[in-house]
Amino acid sequence: MNILVVKTPEELAEAGYKLIEEVVKTKENPTLGMATGSSPLGIYAEMRKNKLDTSRVTTVNLDEYVNLPHEDKNSYHYFMQEQLFDHLPFKQTYVPNGMASDLEEECKRYESILAANPVDLQILGIGENGHIGFNEPGTPFNSPTNIVELTESTRQANLRFFEKEEDVPTHAITMGIGSIMKAKQVLLVAMGSKKAEAVKELLQGEYSEECPATVLQRHPNVTVIADQEALSLCSEAIADEHRQVFTISDLLSDSRVGETAN
């Protein structure tokens with residue numbers, strides 16, 4: 001696992017973009033696993049600013065709310081259109097259909113899409129309780145794409161995007177933890193003290209389904225980009241035989257991070 005320590009949101013965005021750019025430029029027909037929310041916003045802005053050539057890129061999104069129309073500004077369909085799809089020409093884009101009449105069939109359909117488009121790089125944020133995607137504590141590590149009931153803490157965290165609490169969806173479709181772990185490479189980003197406990201568990205906690213992000217301890221190719229606040233609860237002995245620590249200057253000045261992330 002690589003840990004890239006940044007000082008600002010701008011550094012995080014630049015570092016994340018560099019890793020994505022490398023995958024896009026070196027793979028013939030790459031597939032990117034996309035995340036939503038505030039964590040990847042800067043990275044997507046860098047993709048727009050640099051006019052990244054995404055004409056050969058397929059995207060698969062992590063999740064989508066259930067029963068939230070695609071044109072709703074809080075849907076992840078809308079989010080992706082606004083952030084990327086209206087700005088860059090992708091080969092193909094996929095987002096789970098939370099409006100499907102048969103949600104179980106939609107989950108199976110999405111698993112088929114993932115099987116046909118193996119993810120080269122999966123972007124992840126991390127919830128305050130350690131969730132990845134909408135996979136809450138207690139989710140089996142081998143879970144496929146599934147329908148989940150959102151916990152109260154997750155709904156409260158997302159309340160800022162909605163006018164009132166009753167507007168926040170109660171369910172979502174999410175790629176399962178087993179689905180996420182099939183990605184060839186994972187990029188997880190975390191900023192701020194609110195993520196510190198979850199980041200501590202991810203990096204130095206017990207491998208446990210009670211903290212979904214700890215599954216990444218067993219993934220062979222993970223890069224975590226985090227600021228000092230997000231890393232503030234980690235012990236100083238964060239680097240060991242399983243984890244290498246880098247800075248943004250390492251990423252930009254030599255190839256060590258890129259090589260270990262391939």
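Yeah, the Cβs are placed from backbone N, Cα and C, and that goes for glycine too.
In the three-state DSSP scheme, D63 (active site, proton acceptor) is classed as strand. The active site, proton acceptor annotation in Swiss-Prot covers D63 (among others) and rests on sequence analysis.
Within the same chain, the residues at least 6 positions away from N129 (active site, for ring-opening step) whose Cβ sits under 8 Å from its Cβ are E136, P137, T151, S153, T154, A198, C211, listed in sequence order. What Swiss-Prot lists as active site, for ring-opening step is N129 (among others).
What Swiss-Prot records for H131 (among others) is active site, proton acceptor. Counting only same-chain residues six or more apart in sequence, the Cβ atoms lying under 8 angstroms from the Cβ of H131 (active site, proton acceptor) belong to P137, T154, P212, A213.
Classification of E136 (active site, for ring-opening step) by DSSP places it in coil, neither helical nor stranded. For E136 (among others), the entry in Swiss-Prot reads active site, for ring-opening step, with the evidence type sequence analysis.
When other Cβ atoms within 10 Å of the Cβ of E136 (active site, for ring-opening step) are tallied across all protein chains shown, the result is 19. The Cβ neighbour count for D63 (active site, proton acceptor), using a 10 Å radius and every protein chain shown, is 22. Secondary structure at H131 (active site, proton acceptor), as computed by DSSP, is coil.
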